[in-house]
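Q: One structure is given below, represented as structure tokens, and several questions about it will come after.
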Amino acid sequence: MKQMFNREPFALAAFSLVILLMPIWLTPFGANYPDLLQKFAIFAIFAMGFNILFGLTGYLSFGHAAFLGVGSYAAVWSFKLFTMNVLPAIFFGVAFAGLFALVIGYVSLRRSGIYFSILTLAFAQMSYSLAYSVLTPITNGETGLQLTLQDPRILDRLTTEAGDGLPSTTLFGLSMSGYSGFYFCAVVLIICFFITRRIFNSPFGLTLRGIKSNQNRMGYTGFNTRPYTLTAFVISGMFAGLAGSLMAVTDPLAGAERMQWTASGEVVLMTILGGVGTLVGPMIGAWVIKYFENIFSSFNKATLENFYSFLPESLQEIAVSVSGLFVGEGWHLTLGVLFMLIVIFLPGGIMEGWRLLLRRFGGGSGNKSEPAAVAQPAE
Amino acid sequence: MDAILLQFLNGLDKGGAYALIALGLTLVFGTLGVVNFAHGALFMLGAFCAVTFNKLLSLEKVVAHPTEKTAWGTPVEIRTPYVEAWLGDFGAFLVNYSVPFSIIVAIPVMLVIGIVMERGLIKHFYKRPHADQILVTFGLAIVLQEIIKHYFGANPIPQAAPAVVAGSADIGAWLGLGDGLVYPWWRLVYFGFAAAVIAAVFAFLQFTTYGMVVRAGMRDSETVGLLGINIQKRFTVVFGIAAVVAGLAGVMYTPILPPDYHMGMDFLVLSFVVVVVGGMGSLPGAVLAGFLLGILQSFASMNAVMSIFPGINQIIIYLVAVVILLTMPRGLLGREGVMEE
């Protein structure tokens, strides 16, 4: 069974099945609406890409949201200037984010450890401030960049006349809203999963792991580590740009708040929560956080009262007021507590917990001989 | 000339706040080796100490006005704070001076919060990687922030400075530069306060035996431990002191910036930049960089500068940080061997 999972086509098929059937198996959780499903796919890509840098290479970037923002802006500009087709938008999003990552990575990677974190944070905050104020002609400042009726859309104009109202994003005529948008993101996610898996299992991935465990020693063996770390940085930046452009695909607007450092913090949380350095961990982390954000934050007092209706009245009141702290407006509190608990008790994240469970309950049934193949949690 | 002096003054109190927060951050880093992302939350908690104290003092009751009567002859009812009703003029004085008096409350409260935080959470993270420390304290910062938001709401809560220093000082007249150079009194007070606290922390570390041992521990805690000194206990106290410094910076900042639940995060990022620019673990570096960046930032906000480089006030700090980090890897006054893998 384990052998089968490790085989490329099988892993890919299983993964695709899970992703594409999300609308079905998420129904019991109340999460099968396209808006949330799109977020699941997009943030999974973002976290997966971030993990290539943080999980594999060990560089904790606190500025990855900048690439997300650049991707979004590039995609919206592609919609405005050229065509509503999503493929060029994604191309521009990835390309600009990659270039941007090349510049920032080239400078930031001169330092490691906390200095690297602060450098990336500084660059991201600079980009945020610039997008918010100075670059208003490009980013439309605090209002955010949106489609307008006056946009040139050169390529679209060649074939069709401008209609009334704003056009929607399309893939060769197929509108990218609702479930079709989700399936498009899902296909992109599957491609990204394939790429990430390849990177993890390649000699390049092995080099990155080596850099993470001891960069000096890698240097002594004759490796120039700089090109490898820079490549990892650019790749993860491109993943972030892809996620950003997909955000613009599903909802064609871009705002500076996407680049704020709290947004960078969020992707770090996702990766840690799921399991740093594991293949699917960051994706699961992204899903958990987005699920919390969307489902928990929509709970209100009435929902809670309904939930605790089996309790006697006085107990019910206490239960409602205590758990009321953690849902609705206060769902961030849940996030913070969950996050602390994970870092304190389960540094390997959800994937580590899953392995522990497997070892405890599946230990007797013969498949316990799998310690070496699993990815190491971050140190 | 006036404008330049004014910007310089503006920079001093902003720099004072940066320096105070960064001082605690770098103190904790230098002693415990912990990167504390919850330090901004301590600044915020300090500010909310002032808010709570003010709320307690201004609890009101309805009393009859001593002289005025309504048209029907019944006394006019007015609302008076309890303290004022009980203590008369002294009570009114207390309410008026609630911000500076909050210091008395904030010191023990912040000390306890700091020590509990260190003993309860941080101590388990000495041996863990810096990334884990960053993440757990970041989580703690979110939790503290949400608790404050739950109890005090999301809106900023303005605090008044005492009436004596509510106005502006006519600095221009003092210096013989003519009028036109006026500056809020409270900001001068804040600068003086920041200077005093920084001096106190330095004096404590420099001139007391306790501080000397702590400094020795910062250099080589193992050897100090071998001499039979419980250095860990002293480091815990140092963490408490760092929390108090951050808290006091928050208390006194409330009349300048109405406290809200995310002020800690706003200042945290900047003060981390300050710490790194000054050099991780270097106390004079943190103070120097704090004032330097504060002053640079206010100069960058001048209209003359803004017309040449629009938006420079937003990014100047980060720009300086990038340049300094790339040219001086250890920051301005960083010691060798700190945070160098």
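Positions of Cβ are set from backbone N, Cα and C atoms, glycine also.
A TrEMBL annotation is a machine prediction, not a hand-curated record.
Per TrEMBL, the features are:
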| type | residues | note |
| --- | --- | --- |
| TRANSMEM | B:15-35 | transmembrane segment |
| TRANSMEM | B:99-122 | transmembrane segment |
| TRANSMEM | B:134-152 | transmembrane segment |
| TRANSMEM | B:188-214 | transmembrane segment |
| TRANSMEM | B:235-256 | transmembrane segment |
| TRANSMEM | B:268-296 | transmembrane segment |
| TRANSMEM | B:308-328 | transmembrane segment |
Q: Which of B:15-35, B:134-152, B:188-214, B:235-256, B:308-328 has the most Cβ pairs closer than 8 Å to the transmembrane segment (B:268-296)?
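A: Answer, by Cβ pair count: B:15-35.
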Q: Which one of these stretches, B:99-122, B:134-152, B:188-214, B:235-256, has the most C-beta pairs shorter than 8 Å to the transmembrane segment (B:15-35)?
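A: That would be B:235-256.
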Q: How about long-range neighbours of the transmembrane segment (B:308-328): same chain, 6 or more residues beyond its ends, C-beta under 8 Å?
A: 270, 273, 276-277, 293, 296-297, 300-301, 334
Q: For the transmembrane segment (B:235-256), which recorded stretch in the set B:99-122, B:134-152, B:188-214 gives the largest number of Cβ pairs separated by under 8 Å?
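A: Result: B:99-122.
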